[in-house]
Structure formats: C-alpha cells, structure tokens
Number of protein chains: 2
Amino acid sequence: MANAEGEQPLLGRLLDPSPQPNQKQTNKKGRFRRCRSAPSVDVPHPEKIVGGLLPGSQIIFGDLHPSFVQVATLLTIYLGAGTICFFVVRNQIGGGKTNGILDAVYFCVVTMTTVGYGDLVPNSPLTKLLACAFVFSGMALVGLILSKAADYLVEKQEMLLVKSLLRHKGGEREIVKELETNRVKYKFVLILILLLLLIIAGTMFLYWYEKLDLVDAFYCVCSTITTLGYGDKSFSTKMGRVFAVFWILASTICLAQFFLYLAELNTERRQHLLVHWVLNKAMTSTDLEAADLDSDGVVSAPEFIIYKLKEMGKIKQEDIDLLMEEFEDLDIDQSGTLSISDLKLAQSSQRWS
Amino acid sequence: MANAEGEQPLLGRLLDPSPQPNQKQTNKKGRFRRCRSAPSVDVPHPEKIVGGLLPGSQIIFGDLHPSFVQVATLLTIYLGAGTICFFVVRNQIGGGKTNGILDAVYFCVVTMTTVGYGDLVPNSPLTKLLACAFVFSGMALVGLILSKAADYLVEKQEMLLVKSLLRHKGGEREIVKELETNRVKYKFVLILILLLLLIIAGTMFLYWYEKLDLVDAFYCVCSTITTLGYGDKSFSTKMGRVFAVFWILASTICLAQFFLYLAELNTERRQHLLVHWVLNKAMTSTDLEAADLDSDGVVSAPEFIIYKLKEMGKIKQEDIDLLMEEFEDLDIDQSGTLSISDLKLAQSSQRWS
C-alpha cells in the first residue's frame, strides 16, 4: 500500500506560519530581544502567496479539509463506477449471490481492499481483466485514503480525547501543547482502541448474524482486516454483506493506519535519541572551528544552531550551500550582512533591468 | 503494511558526516573561507560516538548492511517456525495437497504476504488461531522488509545501473553526484522494471507449468501481487508451489515498494516546489526584521539560512528554541558568542562540580 506517513499534516503544518503554541520563551537571560525567526503576523499567509504564484498549487498545498473532501469524492466515484461495472457483468461472476446491486458493491469493496475472499469470483476474461483494473486502482485509492483522510479523521478524534482528558486541568493552550508533544502517541492509542472496537463488532456480527462459532468469527475477522481473505468463511447473507461493505473498508484501513503509526512512533523514538545525543555531546574546539561559518574565530548563536541542526540530521549541507549562494546574491553591497540598503539596491536594479 | 519510507537510509546518511560528494563550492565571491558547518574530518565518526555513549545503539543506528542481515535472519526464523508449525498440523489443513513440507512453506508464504488464496485452508480451531498469529506477525515482517531490506537491495542495483549508464561520461564522482540528485527516480524506474519482469515471469510460468490460458495466468498474477488472492486460480502442482514460494514473496514486496517509491516521488516533487518558491520569493523589510535573530538591525548569513530553512519547513521553531537555550547555557562568559574561553570555563566548572 502506498505510504505517505504524515505527508499532508506535515505540509499543512509547515505552511502555517502562525506561532506554534508550544513555543517556549527562550530569551531567559534577556540577551536576545526576539529569538524567533518565524515570519511575523503581518506577513501574508504563505498558502495565499503560493496560491498566487503557482497555478494549481491550491490543490498541491491544500490543507487537510479539502484533501479529505477530495478523497471522499474519489472513493464515491470509485465505488459507483465499480458497482455499475460489476452489476452489468453480474452474470459473468460466479459464487454465492444475494442481491444484484449489493453483491456488486460488496465485490468491489472486497477487491479494492485486496481481501479477495473468493466467495464471488469473476469467470469470464472480461470480468477477470476488470477485476485486475479495479484492484490496482483500488490499492492506489486505499493508499491515498491512508495518506490523506485517515490521519485527518484520527487527528479530529484526538482533539476530542485530549480535551476530555484535560477538561479540569487547563485551557485551550494546554490542550494544544499536550497534543503537539505527544501527538503520535495519542493517535496510536486512538487507532488501537478503534481497531479493537472494530474487531469486537465484526466478531459479534459474524457470531449472531452469520451464525459462525466464536473461533470461526474471530478467524474470519482476522483474515479480513489483514486482507488475507482465505474465503472459507465470509459474509454470505444480505444483511451480512451490507455490514461487510462498511466494516471491511473501515477495518482494513484502520489496521494499515495502525501499522503506519507504529512505524511513526519508532521513527520518533530514534529521532529523540539522536537529538538527546547531540544536545548532550560536549562542544570541542574542533566543533567550534567547524561551526564557525564566517571564520571570525567565534561561534554566534545562529551558527551554533545550524551546526547542531546538521548534527541532528534535520538539514543537509546541500541546503546550507544553496541558501549561502542565495545569500551572497542578495548581499548586493557585499557587506556580509543583509540590510535595508541591500533590498533598496535590489529594487532599483530590478527597475533598471 | 508498516511504513518507514527511507527511514533506514536517511538515518544512515545523517549519521555519516563525511563531506557529501555533491557539495557545491559556494564561496564563489571568496568572502567566506569555509562555509561548511560540517564536522571536519578529524572529528571521530558519530556512529562510533553514539555506539560508545548509548548501550545497544549499534542496533538502533546500525548502517544498512547489518539491518539487511537482521531482516534476512528474521525471515528465515519466521519461515522455519511457520513451516514446522503447519507441517505438524498438516492434517488439520484442508484443500489441494502436494507434499507435506512444501505445502507448509507455501501456506506460510501465502499467509504472511496476505495473499490467502484459500486453496489450503485451516479447518480446526488450533490451525485457525495459528493462521491468525502468523498473518499479523507476517505483516509486521513484510513491513520491516519494506523499510529496511528492500530499499537496500534496490539501492545496490541502482548503483550498478547508473555506473553502466555513465561509463563513458565520467568517474566515480559524477556517478555519485548523479545518484544523489535523481536517487528516487532511478529507484522508481528500477522497481518498475523489476515488477514488469516478475509479472512476465509469473504469467509465463502459470501458462506453461500450470496450464492456464494467458488471460487466466495474467489474472492470477495480478490477483497474487496485489495480495488479492481470490483463490479460483492458484499454484496447484509441486513445481508450481516451489516457484510460488519465491515468486510470491518477491512480487508482493516489489509492488508494495513500487507504491512506496511513487509516494516518495510525489513528496519530493512537492518539496522541490516549496524550495523553489522560498528561493524565488523576494525578501521584504518584514522578512529582514523577522530573520534578525540578535536584533542588531542586519541579517547575517547564518540568520538568513535559519529563516529560509524554516520557511522551507525543514526545521521548526521548537528546534530553534531548544538549541537557543542550549547555546545560552554554553555561553558561560555571556559574550553572545561561543569561543575557546567558554569551553575552558565549562571544563573548569566541570572539574569543580
């Protein structure tokens, strides 16, 4: 399945220049008036700038909500087209049938999630090739759901959970701070709870409506959410297939998202270890020399920050080189610093060129 | 499936402090003697430092090769244990049998990759629960293979491809440079070629050995690599199951890796767009003020770099705040810069405390 771990939320966050709620006031010794290099509030919202500069970037840089709508629309189109296709060729699909339209939706969902029970199987070359087309596009769509919509939904619920947990403790500020710090952990716990609920719901449903014994019901649930789908046990009644359409989509996506969060937690843990190591490593004279970008013999605060960020692996030498080039281009008066005079020189040269 | 897009290679790269081959010489106006904040060559290798400081970090921060060995070992253990388990309970598994051991390996692979044809199905409570355990651990293992070993193998082949492509053009340096710039593209092309070869091999095999017609063979291939596995067509001969054990593992992982690279390409494209926009955006006086960390009225090169990196979303305000605090702690003589005297003060205070 396609992966885009936190891709949209990340982009969403990086394009939001509003001061982050858990910014600590770090000028504790009062030597730096403002140590935030964040664009200040009077700068127009980058998203608007991007939208103005790059055509079509509204789609590329769209925030969470529009991409959720986009995914929902695509899913509806996919299921609609799938249902029509498989309903038209329903006589070329063999196996235990219930109701024409219902079986078509059910077959479509079982195919797109790659569960593939085999209780309904295409038995003509046309339907076989149609199934091939639908499984590939279905996989891509599930990947899109995982990268865009699923994370969005979990984040929404997460906000509610943290709000209810911290109701007596603090205001909006504390909630957002708590969320920022332990975001992945909360998401992981939430998805785990959701997954357990879906497993229990599926098992109970199969036990009562499909009349399977408890082990068989649990086995069918596991075989479904993992997309294994041996097919010896599946949903054979009308009611069962109605339930299956929603439950299979939700539970397979939920398990995949669970694994994604697990990987994210692991990555975060490694990153924390690395940051911890970089922060606790003593500076040596060699470090001082290496960090001294302008070779003036001392390391200023921004030089120190760049050096440590590089050690943490957050930035690469290429990024620094690229920006250094850009800086030297902008520094028209060659003073070694950018000032209002450089901006004025740049404007006048633009006017003349 | 678990995702850890480029996790290991990234960690591997960020822990390797050797100057990167495509570092551009940016001191083109000669005003900055050395604009690399990279630790210079006489600094001991961070990996060794990490290894010395954190027990067990060799495993966490191990480079590509050991993690590949680790994954291969885990896969062997998994398949070994799976084969023994399913061989012991072979009488509680129903369906078309060929050879005891072979069927056990085949069932194990079909389960761990979540293909689940259903040509062999567990038919006792014990085997059903065993299959549940094996499918969950199998999914985790496939995730691990995708995050660690698969990318490593593709990277190895990539080096060979680029070498052969650039044989007449340049030396080692050009090859590495070309690789760094278009890494994801080469990987994507390679995995696409590999996937097509696996599809052709699978289709041909099913056509000749399993005597399926061409459409059925292709349909079975698609149904397998997507892990759909309806199970109406599968590997039923001894020879077929020997082939299937290797081919199913390779092709399902290959398709998943293909989707991962597709997502990576997409993320890279977005990142490029954003960097392009940040670099081409004119600096305003508001930007100048926001970038001026130490409020001296001018923006130095490192201040400019930090500001732009933040706009690019590569770093967050939290990172800057954290490091600013660290800097102020280290700046014992409160001069606003770090120098040898700060280091000496730190050493002597350590001695006294």
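Using the three backbone atoms N, Cα and C, a Cβ is placed for every residue, glycine included.
Predicted automatically and left uncurated, TrEMBL annotations should be read as such.
As the structure is a computational prediction, the values presented were derived from the model and not from experiment.
Sequence annotations record features per position, and here TrEMBL assigns compositional bias 'Basic residues' to A:26-36. The domain 'EF-hand' annotation in TrEMBL covers A:318-353. What TrEMBL lists as region 'Disordered' is A:1-40. According to TrEMBL, the transmembrane segment annotation covers A:68-89, A:101-120, A:126-146, A:188-209, A:242-263.
Contact counts against the transmembrane segment (A:101-120), taken as Cβ pairs under 8 Å, peak for A:68-89 among the stretches A:68-89, A:126-146, A:188-209, A:242-263.
Looking at which of A:68-89, A:188-209, A:242-263 has the most CB pairs under 8 Å to the transmembrane segment (A:126-146), the answer is the stretch A:68-89. Taken together, the residues of the domain 'EF-hand' (A:318-353) have an average pLDDT of 81. Counted with DSSP, the domain 'EF-hand' (A:318-353) comes out as 26 helix, 2 strand, 8 coil.
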